[in-house]
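Take a look at the structure below.
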Amino acid sequence: MAQIFNFSSGPAMLPAEVLKQAQQELRDWNGLGTSVMEVSHRGKEFIQVAEEAEKDFRDLLNVPSNYKVLFCHGGGRGQFAAVPLNILGDKTTADYVDAGYWAASAIKEAKKYCTPNVFDAKVTVDGLRAVKPMREWQLSDNAAYMHYCPNETIDGIAIDETPDFGKDVVVAADFSSTILSRPIDVSRYGVIYAGAQKNIGPAGLTIVIVREDLLGKANIACPSILDYSILNDNDSMFNTPPTFAWYLSGLVFKWLKANGGVAAMDKINQQKAELLYGVIDNSDFYRNDVAKANRSRMNVPFQLADSALDKLFLEESFAAGLHALKGHRVVGGMRASIYNAMPLEGVKALTDFMVEFERRHG
């Protein structure tokens, strides 16, 4: 079978080595004669999986000891509610920075629980979409926390700055599409959350990193499965967790460690992004409308000069083994999501196709 490269924004491509191991272990895991999907989450065998996954994740991101790591249900949208429900405390407002679709979605959900102070960070510079630098973000004095999304998958916009708003500002961030792709100074954040389906593992699992002094503040109406304190007190097993997603994510963590960790991913991801943006920038046939300072390394949207060719581009790229390149309905065009599991050879295959397609149709 020909090599297939999956450029889906999520659920996304998983490392081939991880899928191969999961396939080999699927029906007889650890010599038990059963699948990991069939064992009790409270049995010693799965407890070991959970403990190793947390340890490896902590190692990969150098998570400080005063932070808890939770393995949850609900995805990023669940955390849009969980963040205000857990850390508002006795305050009624929080700062929200709007830089794209997912930040706006978090704001919409937060309005159910508080009065968001919304700062629109979106700007246009020389006809290109950009984000105001953090030094220009206008935060309020009475906010319980500040929330932003470092990587907007749909808009292809990234905020790569590290927050530095002082120790009194609790920063909450949606890292769903950029977690583990580059080093993070976890100590600059109060809460980091990420849906698994892009850079961690299969859909169904969400990881939360929360500073321990923020526990114990949950609203009385907070559902128990979203309550950080309850999840922490029960080792993320207050109810039956998504065990297979947890197991597979653990395999991804081991794959990452075996391949140089987050620092190595950072370098490879930079190479992949430079290759793809280079083809776009050196062409009149393709275009990307995001300012270079805010271009995402994970999600690269681009348009063809003649949108009438979009359908043909998608058909021919799919036939060439380059799948899921259709852009989000909100922005149209194309989008290549090049998360950790996408090898450099996959991006090279895409850029070779793009050059050849332009030669034939440009």
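Yeah, the Cβs are placed from backbone N, Cα and C, and that goes for glycine too.
Of the residues Trp102, Trp137, Swiss-Prot puts just one in the pyridoxal 5'-phosphate site with Gly76, Arg77, Thr153, Asp174, Gln197, Asn239, Thr240: Trp102.
Taking the C-alpha positions, the distance from Gly76 (pyridoxal 5'-phosphate binding site) to Lys198 (N6-(pyridoxal phosphate)lysine) comes to 11 Å.
Ser9 (L-glutamate binding site) and Gln197 (pyridoxal 5'-phosphate binding site) are 9 Å apart (CA-CA, integer value). Trp102 (pyridoxal 5'-phosphate binding site) and Ser9 (L-glutamate binding site) have their C-alpha atoms 13 Å apart, to the nearest angstrom. Taking the Cα of Thr153 (pyridoxal 5'-phosphate binding site) as the reference point, the closest of the recorded positions Ser9, Arg42, Lys198 is Ser9.
Across the residues annotated as binding pyridoxal 5'-phosphate (Gly76, Arg77, Trp102, Thr153, Asp174, Gln197, Asn239, Thr240), the two Cα atoms farthest apart lie 30 Å from each other. Scoring each of the binding-site residues (Thr153, Thr240) by how many neighbouring Cβ atoms lie within 10 Å, the top position goes to Thr153.
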